[in-house]
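Worksheet: the structure to be examined is printed underneath.
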Amino acid sequence: MPKAKKQPRPVGNPPYSRPNSAAKEAASKTVNNVFRMNTELGQHILKNPGVAQAIVDKAGLKQSDVVLEVGPGTGNLTVKILEHARKVIAVEMDPRMAAELTKRVQGKPEQKRLEILLGDVIKTELPYFDVCISNTPYQISSPLVFKLLALSPAPRTCVLMFQREFAMRVVARPGDALYCRLSVNAQMWAKCTHIMKVGKNNFKPPPQVESSVIRIEPKTPRPPISYDEWDGLLRIVFVRKNKTIAAGFKSSAVMALVEKNYRTWCAANNVKLEGDDGEAHLVDIGDKDEMEVSGDEMGDVKGIKTKAGKRSRSKVGEKVKGLVETVLSETELREKRAGKCDEADFLRLLYAFNQQGIHFS
Ligand SMILES: C[S@@+](CC[C@H](N)C(=O)[O-])C[C@H]1O[C@@H](n2cnc3c(N)ncnc32)[C@H](O)[C@@H]1O
């Protein structure tokens, strides 16, 4: 049997598309004919100076600002930022890019105002900065947004280029097709606005997808909500955003988690549990962006066998089910779909659950 011809590895930002001639061409592009771009590191250099200038202008920099640039690459944005800021801290993962950038400012007055940190920005402990600007390597979009939102003190503003679909998910509003857990989370902690669309031909090599620049302005003061509680609730209701909120709480995995958290809360607050069998019903619900819960409704909850051979909940499980029912009725959110709920709805829901001793972290 003839050996199958090895297909070239697809290039471009995830989601990868099938290799085509543009992708093959992109894979062989070099920076100033010096080295090959590593598209797996999202290396798509912004070659249009007009777009680079517009990004810097939209950041509203002050001469006193310290700017964090994520992934400076060869420095097309960096040199423009340096014109308007006191200092740039650039975090770059690829030493070849860091060397190119160093060369670009060498012997110039701005050299002293540029600090390059070599490494993965997600794993780097970030120093203080006022503004973040980035033509983001798209494979770190989500962790970067969450890292920026969690910073204390928060930056004044972040102007970030993302793959168009990701950008639209961040700014999506209730009822929009792209509205998701990411939208609610980002908008809870920051004002998020779309600034401009950027076509793929503005990059070298061109990525497979279109891009957009968005602004993320963290809210000050930071809303006094526990991130883990908030995100824990969102993970449940956004499992299937077009199903009702009540449907999210029908899953046995979710109810087992809620019960486990309720037991912890009762223990911490000296609340006696009637009919407690002393066992927590642990179910790992995973850590994915859009959580999937599979399995039948009751199958993975430890409980008592009924005559029909089905499992039923323990007494504590029944009590928790009752508390959930109360919250769903009192908030009148039982039949509402997560995809249509706004921040106020989720806050109301979280508050009502917490009032009943039900927590999500
Ligand atoms: C889209 S390019 C942007 C380059 C340059 N800022 C521009 O606009 O022309 C992304 C850059 O991020 C770097 N990079 C990729 N992953 C990174 C990470 N985890 N931490 C820091 N830099 C990263 C890449 O090496 C690349 O230089």
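Placement of Cβ uses the backbone N, Cα and C atoms for every residue, glycine included.
As annotated in TrEMBL, region 'Disordered' covers the listed stretch 1-27 rather than the other ranges in 1-27, 298-324. Among the candidates Asn38, Asn135, the residue that TrEMBL names alongside His44, Leu46, Gly71, Glu92, Asp120 for the S-adenosyl-L-methionine site is Asn135. Counted within 10 Å of its Cβ, the other Cβ atoms near Glu92 (S-adenosyl-L-methionine binding site) come to 28, all protein chains included. Taking the Cβ of Leu46 (S-adenosyl-L-methionine binding site) as centre and 10 Å as the limit, one finds 19 other Cβ atoms among all the protein chains shown. If you compare every pair of Cα atoms in His44, Leu46, Gly71, Glu92, Asp120, Asn135, the residues listed for S-adenosyl-L-methionine, the longest distance is 20 angstrom.
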